[in-house]
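As recorded in TrEMBL:
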type: ACT_SITE; residues: Glu49; note: active site, proton acceptor
type: ACT_SITE; residues: Asp60; note: active site, proton acceptor
type: REGION; residues: 319-377; note: region 'Disordered'
type: COMPBIAS; residues: 327-336; note: compositional bias 'Gly residues'
type: COMPBIAS; residues: 346-358; note: compositional bias 'Gly residues'
Amino acid sequence: MTRYEDLFARLQASGQGALVPFVMLGDPTPAASLAIIDELIAGGADALELGFPFSDPVADGPTIQAAHLRALEAGVDTETCFDLLAQIRARHPQVPIGLLVYANLPFSWGAERFYAECARVGVDSVLLPDVPTREGEAFAQAAAEAGVDAVFIAPPQGDARTLEQVAKYSRGYIYAVSRVGVTGTENAAETEGLDQVVARLREHTDLPILLGFGISQPEHVSAALAAGADGAITGSAVVNLVAQLSDEDLTLFPADLPAEGEDPESLVSAGAVAAPPGFATSGPHGAGGLGSLGAGQAGNGLGRIREFVAKMKAAATLPQQSNAGSGEAGASGNTGTGTASSTGNAGTGTAGATGNAGAGATSASAHGDDANASPTK
């Protein structure tokens, strides 16, 4: 069973939808991006969608274009991204990792080499937003040979032939775009007609369907699931929070990535980098690695990122499981007025489909701030 298969089986059994946040690898620096990804997982993210910085990101809106530029200015290249991915996989062995990269990268590397490297570092899927299905067979074949899932976009007005091809070549999940355009929270999510797209896709596949583009609020997640999607991807909203990290936030991170096999938390223990408020120098990365915040310490930039993911995840309750009441929600993760907990693990004043949110936070699912013309945010 693949990581995606395991994830969606668990979510379905517990009445949850998937929340998949997008961030750019190396944004704003390689070391900071590792800590940010730890916060996404600690906030309740079910899977990750990660970008490689590219100089001409035509499918992205302004928010994610800026993330590309920040990472490039930090000196991030393809090799850096693969180094980061290897460390992310070591820290979070069960979390599905998907890439959203422009086709120029696998084309310039050679598809076989690129997908083999993806497999080596533990990548589960690759989506090429600028490659339509009519041009995607060779990429899909190279991905399959390396044991990596190829993901394609189901456009909002796709005809039967297009949706059939998307279903034919996709593995892992299908990315359904909520509207035409580029990524970005400045563009509202659109779920009208998505139920028809989902129904038509279901004629060809039983793969999970995730909705992206403009997913920036908990109600967007709820609407996506109500329309029949299995989860939501939120990008620009998360990337916008990354862009708002202060200089003080960034001083919490070392200038360089840890050496291979070196625990980033040891940098804090040794005094090589300042510890954020509430940071614990012991415990698994899964509980929140470098820069993790404890209860009541969610006021800084990292805390805001975790809180956003938690709120989005709290909204990711499958409609057929919903038993919303006034004041609380039960073990199925159904939300009422006040608190919600899909596992019953949420702390005081929190809601969490995974129970990972700290005190004073909520947990939810989405992937949308800056919606790319490809499926990312």
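For all residues, glycine too, the Cβ spot is worked out from N, Cα and C.
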Lowest local Cβ density (other Cβ within 10 Å) among active-site residues: Glu49, Asp60: Glu49
Distance, Glu49 (active site, proton acceptor) to Asp60 (active site, proton acceptor) (CA atoms, angstrom): 14
Assigned conformation of Glu49 (active site, proton acceptor) - DSSP reduced to three states: strand
